[in-house]
Amino acid sequence: MSCNNATNENLPPNVIKQLAKELKNLDEAPPEGIKVGVNDDNFSIIHADIDGPAGTPYENGVFRMKLILSNDFPQSPPKGYFLTKIFHPNIATNGEICVNALKKDWNPSLGLRHVLIVIRCLLIEPFPESALNEQAGKMLLDNYEEYARHARLYTGIHALKPKPKFKTGVISESTTTRNVEQTNSSLKIADQKNVVPGAASPLAPKLENGQDQPTVITSTTETGVGGSMTAPLTQKKEIGLAKAPADKKKMDARKKSLKRL
């Protein structure tokens, strides 16, 4: 028997049945800005993510909290705690929530939906007169702008950020495809330079964009297009090499003739 099951069994069967029904309703039709997480094995601890209400210092933040149900629930109210750090007059530094719905105004007929809505409303309208965080309460009464600045700072650092609405997979896929195409293009250029010896000498001057001088590129293009341009260049080289030994033989013959004289 697990601890979670033991905790669930400590709740009366009729309470478990009512909780299961209410949690299912919260999951299918959640209150605005509230998402409830359910653990079927342990109804005594209920987690919820609360969106920071628009127009408040908690806007654009998501705050995680939990409700802890006692064994005699619903005769006794649940205890509420913020798990996300928040700067708020009615929320202690340890996360404990001070709201009348969980204390003197508690009624066994109140459901979890009502409790969660009241807690979210607390982010819209704090009650500094019954502050658990005295610094936040005093600051709210004396200088709202300073209070709001502190609250926004806590929200930006600690509050969970909403998930992006766009699909990151599409961006990643297009970025990957573009990188592959660039890599393939680089490999093709490298292969062309390797195929034609001497076409891209390391001593050849470079342009500002890192490419070879046009003269080098032209020679590479001409020799790589086809036989029409390559053959005449090769023939000229061969004729030049043939002339050199012939001229040398003529000079040697003249020298021998002079020596005979």
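Backbone N, Cα and C define each Cβ position, glycine as well.
Now, the feature entries from TrEMBL:
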ACT_SITE  Cys98  active site, glycyl thioester intermediate
COMPBIAS  210-223  compositional bias 'Polar residues'
COMPBIAS  235-250  compositional bias 'Basic and acidic residues'
COMPBIAS  251-261  compositional bias 'Basic residues'
DOMAIN    14-160  domain 'UBC core'
REGION    199-261  region 'Disordered'
How does the domain 'UBC core' (14-160) divide up by DSSP, counting helix, then strand, then coil residues?
58 helix, 26 strand, 63 coil
List, in sequence order, the same-chain residues at least six positions removed whose CB sits under 8 Å from that of Cys98 (active site, glycyl thioester intermediate)?
Asn90, Ile91, Ala92, Ser130, Ala131, Leu132
Looking only at the domain 'UBC core' (14-160), what is the model's average confidence as pLDDT?
93
